[in-house]
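Copied over from TrEMBL, here are the features:
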- B:8-145: domain 'Lactate/malate dehydrogenase N-terminal' (DOMAIN)
- B:9-31: transmembrane segment (TRANSMEM)
- B:13-18, B:ASP38, B:ARG43, B:TYR68, B:82-83, B:ASN98, B:121-123, B:SER146: NAD(+) binding site (BINDING)
- B:GLN85, B:ARG91, B:ASN123, B:PRO124, B:VAL125, B:ASP126, B:ASP151, B:SER152, B:SER153, B:ARG154, B:THR231: substrate binding site (BINDING)
- B:148-311: domain 'Lactate/malate dehydrogenase C-terminal' (DOMAIN)
- B:ARG156, B:HIS171: beta-D-fructose 1,6-bisphosphate binding site (BINDING)
- B:HIS178: active site, proton acceptor (ACT_SITE)
- B:TYR222: phosphotyrosine (MOD_RES)
Number of protein chains: 4
Amino acid sequence: MTVDDKRKIAVVGVGAVGSATAYAVMISGLVSELVLVDINRERAEGEAMDLAHGASFIKPIRIYAGEYKDCRDADIVIFCAGANQKPGETRLDLVQRNFAVLKDVLENLMPLKDDGILLMVSNPVDILTYAALRLTRLPPAQVIGSGTVLDSSRFRYLLSQYCQVEPRNIHAYVVGEHGDTEVPLWSLANIAGMPVQEFCCWRGVPCLDPEEISRRVREAAYEVIARKGATYYAIGLAVKRICESILRDENSILTVSGLVDGEYGISGVCLSLPSIVNRTGRARVLAVPLAAREEEALHHSARTLQSIIAQLDLP
Amino acid sequence: MTVDDKRKIAVVGVGAVGSATAYAVMISGLVSELVLVDINRERAEGEAMDLAHGASFIKPIRIYAGEYKDCRDADIVIFCAGANQKPGETRLDLVQRNFAVLKDVLENLMPLKDDGILLMVSNPVDILTYAALRLTRLPPAQVIGSGTVLDSSRFRYLLSQYCQVEPRNIHAYVVGEHGDTEVPLWSLANIAGMPVQEFCCWRGVPCLDPEEISRRVREAAYEVIARKGATYYAIGLAVKRICESILRDENSILTVSGLVDGEYGISGVCLSLPSIVNRTGRARVLAVPLAAREEEALHHSARTLQSIIAQLDLP
Amino acid sequence: MTVDDKRKIAVVGVGAVGSATAYAVMISGLVSELVLVDINRERAEGEAMDLAHGASFIKPIRIYAGEYKDCRDADIVIFCAGANQKPGETRLDLVQRNFAVLKDVLENLMPLKDDGILLMVSNPVDILTYAALRLTRLPPAQVIGSGTVLDSSRFRYLLSQYCQVEPRNIHAYVVGEHGDTEVPLWSLANIAGMPVQEFCCWRGVPCLDPEEISRRVREAAYEVIARKGATYYAIGLAVKRICESILRDENSILTVSGLVDGEYGISGVCLSLPSIVNRTGRARVLAVPLAAREEEALHHSARTLQSIIAQLDLP
Amino acid sequence: MTVDDKRKIAVVGVGAVGSATAYAVMISGLVSELVLVDINRERAEGEAMDLAHGASFIKPIRIYAGEYKDCRDADIVIFCAGANQKPGETRLDLVQRNFAVLKDVLENLMPLKDDGILLMVSNPVDILTYAALRLTRLPPAQVIGSGTVLDSSRFRYLLSQYCQVEPRNIHAYVVGEHGDTEVPLWSLANIAGMPVQEFCCWRGVPCLDPEEISRRVREAAYEVIARKGATYYAIGLAVKRICESILRDENSILTVSGLVDGEYGISGVCLSLPSIVNRTGRARVLAVPLAAREEEALHHSARTLQSIIAQLDLP
């Protein structure tokens, strides 16, 4: 008898983001097994120990430092390897460095199990997701980038603070690049069906300035990095959320990154659009109606990403 | 109408331990409000932002960077300020540095609300808990140290790995100093009422070596620090567990640190013993039966702590 | 030292709905104390025992059968007393019977603690909420009916089934009476900002018939009652959700019932509208934009309820 | 690509116990799919509707009324079919009636998937577990009875009430028949390593009477039935706990019922002993050390069950 329905996640690269993600996943009780892999084996061991020592406070889980081969029976491999964004650096500056890391890792990592999902988190996430898709030749649904799931959360959080209503009641998305060209979809943003600005007036709070909110969402990572040197806690929860939707086969709508194949006339690039996420991965992309300036901004985002992709040495 | 039953936790000092603790508390849904205070205001703001950006993935919570005065309506103030243990350094080496930090903070922090709990996490935690008790003149039940809650968890985890049984089924405590003189209570350790070593034989795993396990529990922090430079995830969950037992008025038995007042002939010191923890704090201490060598080791632990306390300039 | 932030819920009336609600609340870990009160003391004892025997599988909680006076320090009193809807009976048929029960109970129950919330669940819930408000003279924010929170959940569930997307991504409300005149707000219903019917086409599922869905939402209780004789599980979760939003001070938007005071030109009646729910109760009502036929249907719902209220002997 | 790691539970027989179990499982978020099967198809539909209408308040889950064939890809089939214990009736009185039901159901139900677990809940649970084992010829590890998991919980709960300490800190088991001959293991019962009675003295509560506590545990079901006509909530949580330990591969120690094969010189019967439960089912039985009178009582329990088994027409 084989026990094939054990749930297992592998985290490759356990710097600040990888280890915070492992912590959030571990606390969630989502999986029975969690393996940490890092080029620095000692670091992986240290993180696995620090996490495992808290195991008696949560639902039982097996946590250990492993090798690439330990990823081959994982349901999801979360890719967090590579360098982090430095203060003042854009996500795109990282590209050549992290592309090299990706190629190295994939050579050792592959193949995944048949229905395994490769979840890219390292930045620039859209570029690396596209590169991973081309390098692995996996079906597009199985190669997902964390994309703007975090940016959408930041957008909702800022609106919820402003409007004094809980974030889950804010319906709002950020699409496009996880980076400077991202596009907050104000035309769709609503609270209980009321456009956000109308809601503000009604709630008796000062009218919000969309430009100001959009700027704060876009620059959130820079603001955090300027203050604490890095961002890792919120992304950890965002990645946990994506894993949950995959493993629990939830059909949730999340702004994950993935191959765009004709939507809005865009193709040959990975970026974030609202997508249905279930056990098969990024099952469907929603071509939600966009305002003209939003669609234009999305094209700009796509072109920015495509111009970088063109500089990579892809098969 | 006043709303006095909002649950609020304050974390003072948001280095790696303070912020990981805030993350674990935030994810747990235990409180509606979480304030972060740090001598480095920017750092507190950065941590609050990084945490708050994940708020849309969890139960609603208000998270912000605040001032000492924002701690005065908190149900629990978690003290994580001060320097961390460096590679090769013992917890006791830190004492004078962190004692000075404690005095400074308490001057600004006090008073707490009437039934507020001061939960000490900074190291050397037993010394600082004792100092906080003397400096604040709070009732002993309300000044708690995280103590050996984490060490007990490490003990259970190692036994659970060894015996291939889930940690919650391992009944085992570490008492005394949270540090080199700590005392794992092998005489009480059992799995389903079977002494641990007997269980091993039965489970068909090699007989474990108690000295080896004790050593690994005692040196766990050093092992983690050697590999990743610090420990913070497991302690975050341990502190969350203590807060849960307090705020949910659970009457849980946890090896928190606190004033020992005659138990085993020991007094004038804070150290960890199995204690009943509820909304009033460390409500009762259990004088569990100890083997002769365990009681002797506990006295050694107490004397070690007392000799350090004697060097502090306490009121 | 008083411990005033213990969270306590009282359930008055532990028939099928009251006990399923107690079960859902108990499992949630939301409170530390749960008291069950029933005119049939034995029944309350039996339910308390059956619940308490499962306490070792969940977060610690004190559960017991009590008297009306045990409700006076509860944060929320959930009113589930009275007769249930019988097969073929409308919710309004119950009115005189349950109004008499309400008067009896309130005489013994009152006063609540200062910031206590009275949460009405018994049917016809809108009528009884209004009656409770008049009989107790409590501030309107503190007297809440479970209203159409359940109907909104049914609406979302049916749409989620139809559209193959998870219910939390469906943004849709039912307002008005919890009963035959309720109003599903199709004009606001959306999935990721796409109108529901458009989403269906895109998702490749047959176009849904709004009339058919509305009918199934409206008749859901009848359908369940015809098959199992009563409904109680879903309402238990709906009530738990309302309690969570209150006790965690969440500012959630829920279609609870409460006094309407001028919205859409309606007053002198309790019915459900999207409302902000926090620790003060039903803090604000949202006058969301309605289509003309929806507003008309809401007025019809209000008039139906008002004509029944007129038949009650209210102070 | 097949998605074989979707977690699915089937509940066969949705009377009060089956439906409360489904409710507890649904709320736990443990599975993505829950199918309800009943000889009364309408009843199953009604329960599925009542549960599913609450789905928007919990983690996404697919719930539906199905046929026996819908159980064939379930990870766990929970058997709750058959008559309930009536007031005054013992669990053993039910035997012939429910044995007939079991045979009928198994003919239609089998085969399970390769690693599927058959979890028996209907009473007399030990007899029916043994019968199911013989009728299905499944490996013994895969046929589990809920056994005294609930009785152990009741034992802990009563002790926790008495000793004013949270149930999870009470280490105590009930073994043997889930019924009148069950055996509470006082010799192993402890709180933080202190024998329960010693703990009482220390805690300053009146010394407890073991006979009285044992009697209350043994008669708990009768007491509840006398007051509310049936028991179903606590057993629902007990079954959820077993399912969790299976699906999360937890290696938990639970007093489930299963084939005894030589332990304490007993064989040819199913009864409860502390057992390690993981994804393979009841993986190992712990022959914990018993006091002489406990072992004697266990033999009495086994003989009682064997004499009933002898009356069944088993292959």
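Positions of Cβ are set from backbone N, Cα and C atoms, glycine also.
Overlay of TrEMBL feature records on the structure.
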residue: B:GLY13; record: NAD(+) binding site; Cβ contacts under 8 Å, 6 or more apart: B:VAL37, B:ASP38, B:ILE39, B:PHE79, B:CYS80, B:ALA81, B:GLY82, B:VAL105, B:SER122
residue: B:VAL17; record: NAD(+) binding site; Cβ contacts under 8 Å, 6 or more apart: B:CYS80, B:ASN84, B:VAL121, B:SER122, B:ALA230, B:THR231, B:TYR232, B:ILE235, B:GLY236
residue: B:TYR68; record: NAD(+) binding site; Cβ contacts under 8 Å, 6 or more apart: B:VAL12, B:VAL37, B:VAL105, B:ASN108, B:LEU109
residue: B:ALA83; record: NAD(+) binding site; Cβ contacts under 8 Å, 6 or more apart: B:LEU94, B:ARG97, B:ASN98, B:VAL101
residue: B:ASP151; record: substrate binding site; Cβ contacts under 8 Å, 6 or more apart: B:VAL174, B:HIS178, B:GLU182, B:PRO184, B:VAL217, B:ARG218, B:ALA220, B:THR255, B:SER272
residue: B:ARG156; record: beta-D-fructose 1,6-bisphosphate binding site; Cβ contacts under 8 Å, 6 or more apart: B:PRO167, B:ILE170, B:ALA172
residue: B:HIS171; record: beta-D-fructose 1,6-bisphosphate binding site; Cβ contacts under 8 Å, 6 or more apart: B:LEU188, B:ALA189, B:ASN190, B:ILE191
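According to DSSP, the secondary structure content of the domain 'Lactate/malate dehydrogenase N-terminal' (B:8-145) in residues is 66 helix, 25 strand, 47 coil. On the 0 to 100 pLDDT scale, the model's mean across the domain 'Lactate/malate dehydrogenase C-terminal' (B:148-311) is 94. In three-state terms derived from DSSP, B:THR231 (substrate binding site) belongs to neither a helical nor a strand segment and is classed as coil. Here the residue listed as 'phosphotyrosine' comes close to B:PRO87: these same-chain residues lie at least six apart in sequence, with C-beta atoms under 8 angstroms from its C-beta. Closeness to chain D is evaluated for the binding-site residues B:GLY13, B:TYR68, B:VAL121, B:HIS171 by Cβ distance, with values under 8 Å counted; counted residues in sequence order are B:HIS171. Reduced to three states, the DSSP call for B:SER153 (substrate binding site) is helix. For the recorded site, B:HIS171 (beta-D-fructose 1,6-bisphosphate binding site), the DSSP three-state label reads strand. Between B:GLY15 (NAD(+) binding site) and B:GLN85 (substrate binding site), the C-alpha separation comes to 12 Å.
By neighbour count, meaning other C-beta atoms within 10 Å, the densest spot among the binding-site residues B:SER153, B:THR231 is B:SER153. Using a 10 Å radius centred on the Cβ of the residue listed as 'active site, proton acceptor' and all shown protein chains, the other Cβ atoms total 32. Chain A comes close to B:THR231, taken from the recorded positions B:GLY13, B:TYR68, B:ASN123, B:VAL125, B:HIS178, B:THR231 by a C-beta to C-beta distance under 8 angstroms.
Taking the Cβ of B:VAL121 (NAD(+) binding site) as centre and 10 Å as the limit, one finds 29 other Cβ atoms among all the protein chains shown. Cβ neighbour count for B:VAL125 (substrate binding site): 29 (other Cβ atoms within 10 Å of its Cβ, all protein chains included). For B:GLN85 (substrate binding site), the Cβ neighbour count at a 10 Å cut-off comes to 19, with all displayed protein chains included. Between the CA atoms of B:SER153 (substrate binding site) and B:ASN123 (NAD(+) binding site) there is a gap of 18 Å.
In this structure the C-alpha atoms belonging to B:GLN85 (substrate binding site) and B:ASN123 (NAD(+) binding site) are separated by 8 Å.
Neighbour count (other Cβ atoms within 10 Å of the Cβ, all protein chains): 23 for B:ASP38 (NAD(+) binding site).
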